[in-house]
């Protein structure tokens, strides 16, 4: 999908009705060319949470509240809740957001590799990029925000729907009910043929094909599994490693035998899954929406921006959770009665949803630990060991 800023004319002419959005853009792209921009810069997460903790950095966001108690009151009274999630949801799981300085893989801008044109020009290079992303996603764990949203789905049933722009599979691994999770950009673990209609779902092989192996036997033999994973990732990022792979050595379609398999994600310039969009629109059209959660996304990519507009038209208050204090994107249109929480989604979301989802401690052992927390836990563990050793010395 093209990346657009808010355009009232575009919203009015094609508000999320799949065929019209793409038809309008391609017929009138000269009118919107000035709106196309690069992804926003992403800053490290703040340590802010709780009452009165919001940072307001956009024109209208000063009208929003950062009072978690007030948010919880709105959540408790909300019968239908929509969530829109982006890369910031998975940041605490250690996955790249590919924004700003982190928007490059090797010497390439990550978004430039996520296009049909890039695959046509160099399928080997594109596959290496996606082999890296698949490997990282499979090594990652869902964080507590994933588990909190999954529990909200179970508690609220048909009254909650989560729209995810993420392709990492972490929401699914947090056991988010499938009927309440719509993957706008599909998933890294689907494959499809570049030439015919063949589709393969839920392929979790790592590597997906022998030619894309990023961890050879010698590394595995020398290093422990954890270090082996790090070494594998480093090898894939090494500028001196092979830049590409010959197309003849890449995975081919088992059905037509001639076409190359490609990642089944939605690339820039491609339409979103029509059935998914239809299901989302049907849910939205069912009635009033009381609250929309915008988590870890600037909502600059269509149709994300339009979903916020639609929810507001249905009566929803907007609650934004974002770690980037400089480019909050979707927070720029917040109004009085809306909410803005700046910080790590893995910390904030469970706290915000706690009155509904309850105690999530049973998931702690399964969840990724945000890096600052992990560092503190390691310090505490080391301190405990040292204290135990000192105690043993005293006993002797």
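Just so it is clear, glycine is given a Cβ too, placed from its N, Cα and C backbone atoms.
Over in TrEMBL, the protein carries these features:
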type     : residues           : note
ACT_SITE : 185                : active site, proton acceptor
BINDING  : 193, 196, 253, 256 : Zn(2+) binding site
COMPBIAS : 376-396            : compositional bias 'Basic and acidic residues'
DOMAIN   : 61-359             : domain 'Deacetylase sirtuin-type'
REGION   : 375-396            : region 'Disordered'
Spatial separation of residue 253 (Zn(2+) binding site) from the residue listed as 'active site, proton acceptor' - C-alpha basis, Å: 22
Count of other CB atoms lying within 10 Å of the CB belonging to residue 193 (Zn(2+) binding site): 22
Zn(2+) site shell beyond 193, 196, 253, 256, criterion: Cβ within 8 Å of Cβ centroid: 194, 195, 197, 198, 255, 257, 258, 259, 261
Residues satisfying Cβ distance under 8 Å from residue 253 (Zn(2+) binding site), sequence separation of at least 6: 193, 194, 195, 196, 198, 259, 260, 261
Nonlocal neighbours by CB distance (under 8 Å) for residue 256 (Zn(2+) binding site), same chain, sequence gap 6 or more: 193, 195, 196, 198
Surrounding CB atoms that lie within 10 Å of the CB of the residue listed as 'active site, proton acceptor', all protein chains: 20
